[in-house]
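What follows is a single structure, written as structure tokens, with notes after it.
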């Protein structure tokens, strides 16, 4: 310890910043644990079509002037806010986080609605491939197996499924927000580090474009999920079966045809 103090006080270290580990990084055994942190990305260049005052707007050249509080700083800002939901900075920050998180969940959810049905159509056996019917399998004999494998979590109880989801999803979300074994978190919305093993956010320009792609695809996924819900209520079929029916007979199997079935008096 004395040697280290003398080294730091020597002239060769004068004027230089020295990274000293915090107390949380020093274990009881005297070892230093390096915690992977995330650095914030540099601002995207002014040449990007998705950011800044000259960014792409929601109606292109016919959009008019965007509200003063929509400056094009964040991804997905097309200058449209007729309801004024983003006028308050605190509300805007909250809604922005909610939108990004919902985008991510709905993108996963949309895949979960489509792929089991797609696999079932190609010979892969499922207990129930239609997404809104799959949960009912837990009430049938044999219960519900995670990933269709009885050697994994075998549940005949909603509480067991709920507990698994709380542990698996809650732990990851907790690490994303507050850090933990995966490293210290600087930005909970874009934690990076161990949440970005491929290093997709290393380049600021590429990362800024990926943020735009994420929000655009996430918004489409939210509309898709809304469509899946409506289809399930109206037709009682999964999305791929509805698509196949529409392609086979587009005149009689479309949104307008089903909507007219609910006309009063018909």
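For all residues, glycine too, the Cβ spot is worked out from N, Cα and C.
Among the features that Swiss-Prot reports, chlorophyll b 1 binding site is placed at 58, with the record citing similarity to another entry. For residue 58 (chlorophyll b 1 binding site), the count of additional Cβ atoms within 10 Å of its Cβ stands at 13 [all protein chains shown]. DSSP assigns residue 58 (chlorophyll b 1 binding site) to coil, not to a helix or a strand.
Look at Swiss-Prot and you will find 80, 86, 99, 219 tagged as chlorophyll a 1 binding site, backed by similarity to another entry. With a 10 A radius on its CB, residue 99 (chlorophyll a 1 binding site) counts 15 other CB atoms from all the protein chains.
In this view, residue 102 (chlorophyll a 2 binding site) is surrounded by 16 other Cβ atoms within 10 Å of its Cβ, with every protein chain counted. The annotation chlorophyll a 2 binding site is assigned in Swiss-Prot to 102.
In sequence order, 214, 218 constitute the residues six or more apart from residue 104 (chlorophyll b 2 binding site) in its chain with CB-CB distances below 8 Å. Look at residue 104 (chlorophyll b 2 binding site): DSSP puts it in a helix. The chlorophyll b 2 binding site feature in Swiss-Prot is assigned to 104, 153, 182.
Taken from Swiss-Prot, the feature chlorophyll a 3 binding site covers 137, 147, 214, and the record attributes it to similarity to another entry. On its own chain, residue 137 (chlorophyll a 3 binding site) has 127, 128, 143, 144 as residues at least 6 apart in sequence with a Cβ closer than 8 Å to its own Cβ.
Listed in sequence order, 138, 143 are the same-chain residues six or more apart from residue 157 (chlorophyll b 3 binding site) with CB atoms under 8 A from its CB. Taken from Swiss-Prot, the feature chlorophyll b 3 binding site applies to 157, 173, supported by similarity to another entry.
According to Swiss-Prot, the chlorophyll b 4 binding site annotation covers 165, 176. Residue 176 (chlorophyll b 4 binding site) falls within a helical segment according to DSSP. Counting only same-chain residues six or more apart in sequence, the Cβ atoms lying under 8 angstroms from the Cβ of residue 176 (chlorophyll b 4 binding site) belong to 185, 188, 191, 195.
Per Swiss-Prot, chlorophyll b 5 binding site is recorded for 165, 262. Sequence-distant neighbours of residue 165 (chlorophyll b 4 binding site): no residue of the same chain at least 6 apart has a C-beta under 8 Å from its C-beta.
Per Swiss-Prot, chlorophyll a 5 binding site is recorded for 213, 231. Sequence-distant neighbours of residue 231 (chlorophyll a 5 binding site) (same chain, 6+ apart, CB under 8 A from its CB) are 237, 238, 239, 242.
Here Swiss-Prot flags 217 as chlorophyll a 4 binding site, drawing on similarity to another entry. Long-range Cβ proximity for residue 217 (chlorophyll a 4 binding site), meaning a same-chain Cβ under 8 A and a gap of 6 or more residues, is found for 103, 107.
Swiss-Prot lists 246, 255 with the feature chlorophyll a 6 binding site. Residue 246 (chlorophyll a 6 binding site) counts 15 other C-beta atoms within 10 Å of its own C-beta, drawing on all protein chains shown.
Residues annotated as N2-acetylarginine in Swiss-Prot, with similarity to another entry given as evidence: 35.
Residues annotated as phosphothreonine in Swiss-Prot, with similarity to another entry given as evidence: 37.
Among the features that Swiss-Prot reports, transit peptide is placed at 1-34, with the record citing a curator's inference.
Residue 219 (chlorophyll a 1 binding site) and residue 246 (chlorophyll a 6 binding site) are 24 Å apart (CA-CA, integer value). When the Cα of residue 173 (chlorophyll b 3 binding site) is compared against those of the binding-site residues 58, 80, 99, 219, the shortest separation belongs to 99. Spatial neighbours are here defined as Cα atoms within 10 angstroms of one another, and by that definition the neighbours of residue 58 (chlorophyll b 1 binding site) among the binding-site residues 80, 86, 102, 213 are 80. Separating the Cα atoms of residue 102 (chlorophyll a 2 binding site) and residue 255 (chlorophyll a 6 binding site) is a whole-number distance of 26 Å.
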